[in-house]
Structure formats: structure tokens, C-alpha cells
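Please read the structure below before turning to the comments.
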């Protein structure tokens, strides 16, 4: 009995159980991606116009991304307490929105509705911060895959919740708002004592690589299954019993990864004797109480080395730097130079938020994220209106599709970016979409790690093409645009957090991550709240005036009788989609500059050392 109790205790402290629980929690954490599904019912119930709906969308985006309070509480409170706060915010915010939309309480002013949407969505920041901080600390050398998988499940949550909502089989679309209020809160409360740091760097196993492969396989199976179910429901009128069966299969697939910690606990293998290699070099040195001499005079090396050194092959570059260090040591010993103490951390070490804010690399990453993810989020928030303007009656299919592509983008972004930074001794070719019919080949360096932001550049090129698809509206362009925007937007949220942790360290990762996420609502505030909604309402007003002027006195309706203006046709989002594509091109420029500036950093972090 004591052995079994010990096994259960070991299971509870297993880092893979924490990872799986975080995946389950993230499966309900992306409720903001369903705003495109609930905005039509809010618009019709409360009589809002598109600009007012865009205001609610901006409040939602602010709630998604302003996580300073969540980051602070995760540092001063136990993670379970911070998660409980997030669950209560989620329940109260969306619960009151549901009461207003269904008429159970009197209608509230728009600014109050914005606050409620903000509070309800702000619960996500607690879920995201707790999951990422816990799992990045538990898997310090697998940041790309871990962040990609966790953020991927958050992106897929829209499709998962939509499928569970299909069981309800009710014509009352406001029921989805009730599900968003209750569902995530229940799941998080059930898992809040499991998701936490458990000293994962001491739990390295030889089977970890195969475990990640298994999780990736489950992710791909889940995405393929959801896509198949979605297409089946769109083409065939399924009975409620079949819908329930399909949903139960979905929930069963979600539980499959728990087999990893269970097998590790009850059928353990030997720990990896090289677990110490999981720690970054500077952390090893701190544990040993000593530092490498090269770190002492690193600033002098940067000053004295010739510019051409950085362009040399990795082995030759390292050799030249070692020679320069040796000369500087000798000069320092003879008193010819004075060794300077560094005034702050170098890239790749632990930064505070204030130290990061004065670095150009941090702001390049921030503005690249603002333009890229902000334009993608604008599409997600307006996808319901975009599909309706083109004559599609069922907007849920596009919301589910972009959720699935978002998921695959996050999974693929984490995996591909990890391959890029760890690829050595061979040429790697990536296909970068530069148009619907042309492809460009990018040949990466043969003997040094390539910066992770290179993958971000590829994602933003995809998004630029996706926005063009929405502008031209060719046959099938809506589906292609949804695919490219979903993949590109999702990749941002697996690449950027991992890159931030590499360039600015893990010690203050929560604060750095939550500051970067502010780029999301900042972009949405300008793109969706001002540009897209303004152009939509202008075109809708123009169409309403034309309809009013051409209508007969018996059938015509005055403009005042239709509070919620509706735009129909390709002109509704044509110009705004072209502008979004241009913003993504600017983001590509920023990311390319960041790639150039961080080549040396990634060569030091992941490059070959002789």
C-alpha cells in the first residue's frame, strides 16, 4: 500500500503530468477566439453597430493580453490561488454578459459591457501565465515545443468548445456565452493544484524525445479529427446521437497524453546522467561558484574583435575569439588593459523588464508582434462579419477552421523554430510562401544556429498573402485566407515567447511575456477598432442610403429603423485587407532586422563549440 501511495505521489509531482494538465487547461483558455461566434448575437440582441462591436472586440483583446496583474499575482501567490482568481474573473465577466444578452437583467451601457468583456477575458492571462511559467521551468531545454504545444491548445480551444457546444443543439446562440462563462472556470478549478513547477530539470529521461513525438502525433490527430468532424457537420445534417458520439471521441483523444506520466511513474526508466546539461551555461557557473574568464572580459572582446569575425564559419570564429581572449588575459595580467565590470546583462542572460525595455531587440520583437499578431487578431475578431458580407450563412465553420489552423501554426511554429535553432552541419531549406503560385527557397547556415525570429519572418509572409486573399475574394479565397492567417497568427505565439526567453532569460519570463502580449490589443485597437470598423460602417451606411433612395414608399425603411447597419459584398473589407497585408510586410522587415542582430547570440546559445 505504501508503495502504491508513493507511486501516486511521484505521479502528482511528475513534470509530464503538469504538462498534460496545462494542455487540458489551455484547451479552454482561448475563449477570446470565439468572439467571432458570439458577436453576431450580441450585435442583434443589443442593437449595436459594427463600431460598437469593434469596441467590445478591443476590450476583449485588452482582457486577453493585459496580464500585468496576473504576472504579479503568479509571483507573490501560489499558482493555484492565481488560477482561482482567473476562474472567478472568467465566471463573473461572461456570466453577466450572458444575463444581459438574454434579457435576464436590464441592458447596460456600452462602457459597462466593455468592462465585463475585459474582466471575463482577463481570466485567460492567469491560465496562460501559470501554464507557461510552470512548463518552461519544468522543461528548460525544450522551450520551443513546450510553448508551441501549450499555445496551440489555447488556439484550438475555439474548435473544441464549438464541438462541445454542438451537443446542446439549441437555437439559442446565447447559450454559447453561458458555456464560455462556466466551462473554463470548472476545468481550471479542477486542475489548479496540479499545474506548478516541480523541479523538472531533475526529471530528465531518455524517453523524453519519444514522449514529445507522441504528443505531436496526438496534436496532429486531434486537428485532423476536428477538421473532419467540422466538414462532416457542414455537409451532412447529423443526428444529436451522432454529434454526442463524435464529441465523446474528441474528449477521449484529449485524455490520451496522460498515458505518458502514468507509464513513466509505474514503469520508470533510469534518469539521464547528463541532466546537468539542461541548465544554461551561466546557471552552471553560478552553481559552481565560478565564472569562465571569457565572461569576465566579454565586453573587451566585443570591442576588440574585427568586424569580419562574425561572418566566419563557426569553428574558425570560435578559434579567433579564444585567441583574442588569451591576448586580453595576458594584457590584463601585465596591467596593459583594465578589465571592466559589466553594467548589465548581455543578450541570452537574465534581464529584468526595465533592463529589457532599453534594448532595441526587445522593441523590434514587440513591434513585429504588434503588426503581425494585431492584423491576425483583427481577422479573427471580424471573421463573422467578413463571412456574412460574402454571403456565408454559417459563420461557425470559419471560426472553427481558423481555430484549427491557429493550433497547427502554434504547433508547427514551435517545432520548426526549434529545428532552426538546433540545426548544424547541414543545409536546411524552408519553403517560404511569397504568393499563391511562387515559392522562395531559403538556405540556412551550414555550421551555426540560425535565429528563431527567422521562423517569425516566414509566418508574417504567410499572413501578408492571407490578407491579400481576403481582399481579392477569388473562389475559395476565403478558405485559403483563413488557412494562411490562422497558421501565421498561431506561429507568432509559439515563436515569440520562446525567443524572448532565449534573448532575455527565464528569471523574469512572466513579466516579459505579459508585456509582449500587450502588442496584441494595441494592434487590434488601431486595426480593428479604428481602421476596419470605420471602413465597414462607412460602406454599410453608403449601401443603406442607396437602398433607402431606391426603395418604394411602401417597402422602403428609414435609416433610423435599422440601428445595426449591415454591409454586403466584397467592398466591405477590401481596402482594410490591403492595409493589413502592408502592415505584415513592415513586420517582415522588423523581424529580418532582428534576425540579423541576433545571429551571434544564437550562435553562442546553440552553435557548435569546439
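All positions are counted from 1 along the displayed chain.
Cβ from N, Cα, C; glycine included.
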Annotated transmembrane segment segment (source TrEMBL; candidates 337-361, 512-536): 512-536
Range among 129-148, 149-168 that TrEMBL annotates as transmembrane segment: 149-168
43-61, 195-213, 214-232 - the range that TrEMBL marks as transmembrane segment: 214-232
Proximity of the transmembrane segment (175-194) to the transmembrane segment (95-119), 3+ C-beta pairs under 8 angstroms: yes
Stretch-averaged pLDDT - the domain 'Nodulin-like' (15-262): 87
The transmembrane segment (149-168) and the transmembrane segment (573-596) contact flag, 3+ Cβ pairs under 8 angstroms: no
Chain residues outside the transmembrane segment (66-88) and at least six past its termini with a C-beta under 8 angstroms from it: 122-130, 133-134, 184-185, 188-189, 191-193, 195-196, 510-511, 513-515, 517-518, 521
Folded-back contacts onto the transmembrane segment (396-417), same chain, C-beta under 8 angstroms, at least six residues removed: 30, 33-34, 36-37, 144-149, 151-159, 162-163, 216, 219-220, 223, 226-227, 230, 234, 379-380, 383-384, 386-387, 430, 452, 454-456, 459, 478-479, 482-495, 498-499
